[in-house]
């Protein structure tokens, strides 16, 4: 069993004590959406107001921007549409924003949709037929396209035509409709879930990575300026450190800290104020929330640090296994607090230290 270091404050939100089953059922009220990386309907308009409008304003992803600048320049010289582009990586890193920027740089329109909305063939055919020369069609969660919609994209991407089958059996006929040259930009968090025929039709396949703290600090400072929120650089750094490497989360946390400063009648966001506000929101110094810490604490306390299976962790914490795997684990893996092995999940020494436990490598001590 892991031993809690007595030097830690037992009531600190950053180093919680062992979480009992009763405490798990009565978890503190927290807006879990703060650290979610998915877009929220009520914040989409606000997000649009702070999106960068061109590549020069887009912070981070240096390697990606260099590749895209070359692609844009070449397409303009040839007077052609951009090559089809597949963007993959964790949510909240700016895939939709990049599609809008590319449309602005090329001087064309960008139509945005998501694969779950394209349930019937006519949903995607309507979009394709109405595209003008050079337009961009952005499909989010493209790995979730159904087979029929995906197959309609094959000739559209390769030959700028739409093949529609009419009739059945021996009387079936294929009618080809010419399309304007266009660019398909697909976004996915699961590139491995794409079929090879679809993936191979993209001329450019680029990965978006998590942001560094200094990059997120620039994001926070830029957003604060747009929102007319006064903030010290140290305050921006504190928010950046707790933003899980994700701009969308950084902007969301900034707004909550801004509100906290407003209620407290404090003119400028300092490091101390940002830390105080985020501690009250249960977002700790590494960006972990209550559920992140619960998952790690459960693995350490109940299963001696692991290895333990995902379903077992889910049952022990009362959280959905898919939610743990897709929402919480990616960041825990990224910062080195969790290892995912064939035998199960293992909490690392860094996780022990962060939660205030003594790390015992050989946990099978009698």
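Here the Cβ of each residue, glycine as well, is placed from N, Cα and C on the backbone.
Same-site candidate for ATP binding, as annotated by Swiss-Prot with 50, 51, 92, 95, 96, 97, 201, 211, chosen from 161, 244, 248, 252: 248.
Between the C-alpha atoms of residue 92 (ATP binding site) and residue 340 (DNA binding site), the distance comes to 23 Å. Checking each of the binding-site residues 50, 96, 201, 248 against residue 345 (DNA binding site) by C-alpha distance, the shortest gap belongs to 248. Spanning the residues 50, 51, 92, 95, 96, 97, 201, 211, 248 that the record associates with binding ATP, the maximal Cα-Cα distance equals 32 Å. Reduced to three states, the DSSP call for residue 345 (DNA binding site) is strand.
Across the fold, the C-alpha of residue 248 (ATP binding site) and the C-alpha of residue 340 (DNA binding site) stand 26 Å from each other.
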